[in-house]
Amino acid sequence: MTQRIARLVLLVLGLTLGLVTMAHAEDGYDLWLRYRPLPVAQAQIYAPHLTSVVAGDRPMLSAARSELQRGVSGFLGHDLPAATSIGDGALVIGTPAEQPAIKALNLPLSGLGEEGYLIRSVTVDGHKVTVIAANSDRGVLYGAFRLLRQIQTGQGIDKLDMADAPKIRVRLLNHWDNLDGSVERGYAGASIWDWWRLPDLKDQRYTDYARANASIGINGTVVNNVNAKALSLTAPYIAKTAALADSLRPYGIKIYLSARFSSPIELGGLKTADPLDPAVRAWWRAKTDEIYKAIPDFGGFLVKANSEGQPGPGDYHRSHADGANMLAEALAPHGGIVMWRAFVYSEHDASDRAKQAYNEFHPLDGQFADNVLVQIKNGPIDFQPREPFSPLFGAMPKTREMMEFQITKEYTGQATHLVYLAPLFEETLKADTFVRGAGSTVARVIDGSLEKHALTGMAGVANIGANRNWTGSDFDQANWYAFGRLAWNPDASSRDIATDWVRMTFSGDPAFVTPVVDMMMNSREAMADYMTPLGLHHQMATGHHYGPGPWVHELARPEWNPVYYNKADAGGIGFDRTKTGSDALAQYNPRAAKIWSDPRKMDERYLLWFHHLPWDYRLQDGHTLWDGLVMRYQSGVDQTGVMQITWTGLAPYVDAQRFAAVSQNLTIQRREAKWWRDASISYFQSKSGLPLPAGYTAPALPLEAYEALTFPYAPGQGH
Ligand code: GCV
């Protein structure tokens, strides 16, 4: 009887708790660091291993300790007391240098470098404890987040023995945030940096930003737009940046700045910014010294030069290496680095835009100083739904090449489309450059293992803004998360990362996790199909890049026009980048080029990137190119319907607020996918003159109606 009553009470309690949990609206602010109460049975398993924390009090160790305390109080509903002596179930965290108990254990830390960690269940003086050990405080912090992830993803912590270290040294966000608070290509509201109130502002949001980044191993941030203003290098703005650096430092996040190349003229009153001019060099040295005085651990400069109207060394007939090395010289005494972007193309260069960055940078191999990284976008054009890897990867063996991915979805659905980008990142990282034989993947180029470079890096253009949920939509948080995980380990799997993220962000119930992960994994392919199937690219509308514009042909620079890329006419469609066309293929190692050279054998998802083909060309499945194109647009649209159905069925697992927010976005995505299909098919049909394959619905409106659409206030255009 008593047992039955107890069971009943438990049931009622459980139900009430369950209902409370379901009803508890979540606005997404907590990201993947939600630390929600665990069910009683699970809590009972973890609790004996989480009784106290023994930690030093240096800033990063305190950050690690307080994160563990926050986690435990969330999971278990009680405090994790800080202790000085070790008891059963203690978490003992630190480095051998400052934590005697860890020194005594003589753990194998030597292979973990400066940022790796080791987590082990051990016995100390007869007490069963968990040790998080590292060679540096930052490593300890990463280990603390790793232990929390173990609990968040429902895995055991009683017999731990794991060690990990990042494969890439510089793991950065690039904010394209302007000093006026707008964000270029930002879809999550205004900039989180309140330059106006800085340096006095101490915003909890900055601490939470740093926590989120540290939890995924990001160790630096470039806070201002690469289309930079010299103003950010003036004394008042250096003071503001220093205040931000103070907020981020306890979480191991270093500050970097985008530097405007012409600053010596604009701020220093010099007549030139020629990188070989002694006065210019002296100006940069003095400016750099001034920054380091305010920010002793300043990371360095990111530079966009001679690109889309930005000033650069080319203005003085100097090379990119001359420009980069001048800044490198100023930064070297302080241990700082230069990230020099390879995103260059010119309207004065009549060659295929996809070839221009290679043409300009490849001859400079061996000329860049040791503290320069050349930052290369994943593909040769500009963050498209699908691009082959940039031919620069692996082509400059004496140069430190770093990756630039775009986390914000400028061309891939902006904040409203559910598109998980990690499969796109993974596709690039796993691609084989063949430069040193099979297995010379892009990942091995940028992690330095291929050419034995120690200075390595990966940057992601941030999708973060002042919106309460940080990224403008709940699912875009996954792209920030996945970027960090891949920067830590470029060999990680996008599916595994999605699985962790879903468990931490929503629910660990397999009935939820499996369909959501599948939906995320399919989403990029769906988007590529409804926007730019079969390797089409840069078909987005002008300026804001929101929606389709395959007909656009009147823009000042030829390579800004979608028609430049689709080359659709009565004869066919696609960009011939073989020998008979621009021969961009020749920029790749012959073995890599071979993969894309024969349209009949290649992965057709890249087809029209490399080949111009007649409308009646037979695809590998036997359909004509025209029919196959229409079918792929439709299949992308159909996938958005499947996503809606999947999500609708998952309502019981998600709080109402986030469920509704995602549902609304899926409705927008479906409508816009249809718009993409209809507008694109209308335009291409005006060229092919062919009927739609049987059973495929005609576009809802005539072509002119799509061409007439304007969106003056589309977000992300910056100032
Ligand atoms: C920051 C694309 C974007 C620009 C961006 C540029 C770049 O062209 O549309 O907004 O400018 O890339 O990466 O520099």
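Including glycine, each Cβ sits where the backbone N, Cα and C put it.
Please treat TrEMBL annotations as automatic predictions, because they have not gone through curation.
If you look up TrEMBL, you'll see 31-147 marked as domain 'Alpha glucuronidase N-terminal'.
As annotated by TrEMBL, domain 'Glycosyl hydrolase family 67 catalytic' applies to 151-470.
Sequence annotations record features per position, and here TrEMBL assigns active site, proton donor to Glu308. Secondary structure at Glu308 (active site, proton donor), taken from DSSP and collapsed to helix, strand or coil, is coil. The Cβ of Glu308 (active site, proton donor) lies under 8 Å from the Cβ of Asn227, each of which sits 6+ residues away along the same chain.
Residues within less than 8 Å, Cβ to Cβ, of Asp382 (active site, proton acceptor) and separated from it by at least 6 positions along the same chain comprise Phe343, Tyr411, His538. Marked as active site, proton acceptor by TrEMBL: Asp382 (among others).
Neighbours of Glu410 (active site, proton acceptor), defined as other CB atoms within 10 A of its CB across all chains, total 22. Feature annotation from TrEMBL assigns active site, proton acceptor to Glu410 (among others).
Per TrEMBL, domain 'Glycosyl hydrolase family 67 C-terminal' is recorded for 471-696.
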Tally of DSSP helical, extended and coil residues in the domain 'Alpha glucuronidase N-terminal' (31-147): 48 helix, 24 strand, 45 coil
